[in-house]
Amino acid sequence: MLAVIGVALIVGGIVVYREQRRQELEGSSRGELTPTTEDEPVVVAPTVETPAVPAPTPVAPAEPVTPTSPDVVVEPEVDAEPETPALETPEAPVSRWARLRRRLAGSNNALARALSELLSVDRLDADVWDDFESTLITSDLGVGPATELTEALRSQLAIDGIADPERAREILRAELIKLVDPTLDRSLNLTPAVEGDPAVVMVVGVNGTGKTTTVGKLARVLVAEGKTVVLGAADTFRAAAAEQLATWGDRVGVETVRSDVDGADPASVAFDAVAKGAADGTDVVLVDTAGRLHTKTGLMDELGKVKRVIEKKAPVTEVLLVLDATTGQNGMTQARIFAEVVDVTGIVLTKLDGSAKGGIVVQVQRELGVPVKLVGLGEGVDDLAPFDAEGFVAGILGE
Ligand SMILES: Nc1nc2c(ncn2[C@@H]2O[C@H](COP(=O)(O)OP(=O)(O)OP(=O)(O)O)[C@@H](O)[C@H]2O)c(=O)[nH]1
């Protein structure tokens, strides 16, 4: 009898234990973890919420899944809850030249070619100098600067010769730097006329030159310098331009003022952007504008109006003209027209990485009397650098 009672107790114990264990396992598989105490939260790895999708047919693990099997429903990968993208830290402007300089050397520059050919000849006769001058002209240096450089080198190398290539190179470098003019003030004017106002930079240029990209890249340069920025999408002609600009801004935590209406008045968007900048105590407002060249009067009217309307709020401190270096003489024609309709205070030369004609730096500065302040040397987000005469010449000479 005792033995029967003993066996009954053991069997009963086993049944109770199994039931408890089963409940425990069920609970944990549903991820139902509860904090043990209120101030000691249990950290649970974020559970992926499966949206109300019809339950997929389970796939037998042993059977290889082939794309041709019509019965197989592959469980879609469920993305984790979208996270706010982390803000990017743009590269500091000072370190950019060192990285981008090599791209100038790699662009089969006509200027660089002319210089290295000059250094490789045995004798500097009249034919060599004529060829040299012609190649300089094809590099978009402009006739005046090409003749000047040829004459300067001719007189100096006539004395020293090129027997010492190092010395000849020194002379070349010095003359080129003189031509590019290291004395020009290339800093952006970001000092507001009235204290407390934001500095206002208007960016103008023909569409396709890289204007919107430049505004986005410039915002990164300013953010890297610790400045606060607001973007104004006043290029309301192309609807996607505002979207493109806002994407640039979002990546570095910069707000973009834009219109919800396609083809809205650019002057009003520009005004709103500057008003927002002023209200928020922002350092710089960058205004992207449209640059359709229907007629000069149309362009003048539009840009003139944008500037006038902005200045009801705060004076424009800098007008940057964006030029595509690969368009050569065409770019020069655009530059002349823009310089007639607005007071350009600085040039941004884009796509210098793809241009065989770096000489345009010199020509555009000479003709417009305005310094090249920034250069675009690639499609990367930080491929815009403050221009520097010595760095540019070193790049051209492949140093
Ligand atoms: N290689 C190279 N490409 C560049 C550079 N700057 C801009 N681009 C490219 O040029 C193309 C045109 O740039 P956008 O900024 O859209 O030109 P946009 O002038 O603003 O044109 P709209 O938006 O129509 O006004 C893009 O593919 C850019 O990536 C540069 O310095 N080097």
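For all residues, glycine too, the Cβ spot is worked out from N, Cα and C.
TrEMBL lists 205-212, 288-292, 350-353 with the feature GTP binding site. Look at TrEMBL and you will find 42-52, 62-73 tagged as compositional bias 'Low complexity'. According to TrEMBL, the domain 'SRP54-type proteins GTP-binding' annotation covers 371-384. Annotated region 'Disordered' per TrEMBL: 23-91, in sequence order.
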Which same-chain residues, if any, lie at least 6 apart from Thr289 (GTP binding site) yet have Cβ under 8 Å of it: Met202, Val203, Val204, Lys211, Ala234, Asp235, Pro266, Ala270, Glu302, Leu303, Val306
Candidate with sparsest Cβ neighbourhood (10 Å radius) among Gly205, Gly208, the listed binding-site residues: Gly208
Candidates Lys211, Arg292: member of the binding-site residues with the richest Cβ shell (10 Å): Lys211
The domain 'SRP54-type proteins GTP-binding' (371-384) - residue tally per DSSP class, helix then strand then coil: 0 helix, 6 strand, 8 coil
In sequence order, those binding-site residues of Gly208, Lys211, Thr289, Arg292 whose CB lies under 6 Å from ligand 1: Gly208, Lys211
DSSP three-state assignment for Gly205 (GTP binding site): coil
Local confidence of the prediction over the domain 'SRP54-type proteins GTP-binding' (371-384), expressed as mean pLDDT: 94
Leu352 (GTP binding site) CB neighbourhood, other CB atoms within 10 A: 28
Where Arg292 (GTP binding site) sits in the secondary structure, as DSSP reduces it to three classes: coil
